[in-house]
Amino acid sequence: MMESGEALLKKLDGRLSGLRGRLTPDTGMDKITWFRAGGPAQVLFQPSDEEDLSAFLKAVPEEIPLLVVGIGSNLLVRDGGVPGFVVRLSAKGFGEVEQVCDTQLRAGAAAPDKRVAAAALEAGLADFHFYHGIPGGIGGALRMNAGANGVETRERVVEVRALDRKGEVHVLSNADMGYAYRHSSASPDLIFTSVLFEGVPGERDDIRRAMDEVQHHRETVQPVREKTGGSTFKNPEGTSAWKEIDKAGCRGLRVGGAQMSEMHCNFMINTGNATGHDLETLGETVRARVFENSGIRLHWEIKRLGLFREGEQIEEFLGKII
């Protein structure tokens with residue numbers, strides 16, 4: 001069991017006094033994540049801007065755990081909470097999107113993906129329409145190479161601005177990001193703060209039509225009005241996660257208040273009172289049943305984090321990787 005956030009702040013008394021952002025002890029992560037489940041952050045920090053974040057990183061000893069989150073769309077937080085600091089990049093300090101030249105946009109890491117799609121439409125830049133259908137923020141899109149409709153984040157990235165654990169600035173090229181399918185090999189210790197995108201000129205009517213198609217498709221096949229974290233598992237090579245989940249009889253499967261959506265069975269939803277334990281147990285049950293049915297091991301796309309409640313544990317399904 002972790003100590004209180006107040007106790008942690010007391011240990012750092014004076015070191016954080018110059019910060020302009022907001023420090024909040026013992027804040028429920030269920031207020032932040034789209035699943036609306038999970039235990040508290042020991043201390044939540046919302047920096048005002050990159051300079052404030054840098055000052056915070058320089059002040060906090062490296063042995064204290066630190067987790068950075070964006071808008072909380074693909075996070076499953078365990079019920080025992082998250083020790084140390086959870087840093088949430090705010091829309092005010094990190095959510096702007098601006099056109100910097102004819103073919104380039106700069107976006108803060110907390111900008112919703114949809115905002116980037118809208119800015120690209122206004123600028124007449126094509127091939128950002130896929131962001132219109134991704135329920136997340138740009139920081140997460142950079143970290144996991146988010147994509148849809150045959151387009152991926154890596155195709156648009158010029159450079160990414162980031163801070164390391166010591167608060168020092170780094171600028172990473174597209175190659176530095178080490179992109180692969182739903183993955184970046186950039187150091188997990190780097191905190192992305194903004195990105196420079198490159199687009200190609202397009203007709204606004206065509207871009208708007210593509211965005212409308214993305215939105216229509218999403219509303220037709222995904223549970224967009226439910227409490228969900230988006231796609232639960234990555235697509236295995238040569239097939240789709242939802243197909244394997246469906247073939248294993250897991251469409252609509254429930255554990256407590258957690259359910260695999262009837263509409264799209266690779267989406268896990270909180271039907272009202274799910275705990276983090278319910279959600280993770282459901283996910284591991286699905287992985288086991290899919291492996292038993294098809295020999296395919298599904299890999300989580302949703303990020304799981306935090307501590308189990310005292311006395312709780314989930315044995316991760318360890319199927320053979322093929």
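Yeah, the Cβs are placed from backbone N, Cα and C, and that goes for glycine too.
Annotated active site per Swiss-Prot: ARG182, GLU301, in sequence order, evidence recorded as sequence analysis. Marked as active site, proton donor by Swiss-Prot: SER231. Feature annotation from Swiss-Prot assigns domain 'FAD-binding PCMH-type' to 36-202.
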Express the predicted model's confidence over the domain 'FAD-binding PCMH-type' (36-202) as a mean pLDDT, rounded to an integer.
94
With Cβ-Cβ distance below 8 Å and at least 6 positions apart along the chain, what are the contacts of GLU301 (active site)? List them in sequence order.
ASN74, MET144, ARG182, GLY230, SER231, THR232, PHE233, LYS234
Hey, what's the Cβ neighbour count for the residue listed as 'active site, proton donor' at 10 Å?
23
For a quick check of packing: other C-beta atoms within 10 Å of the C-beta of ARG182 (active site), how many?
17
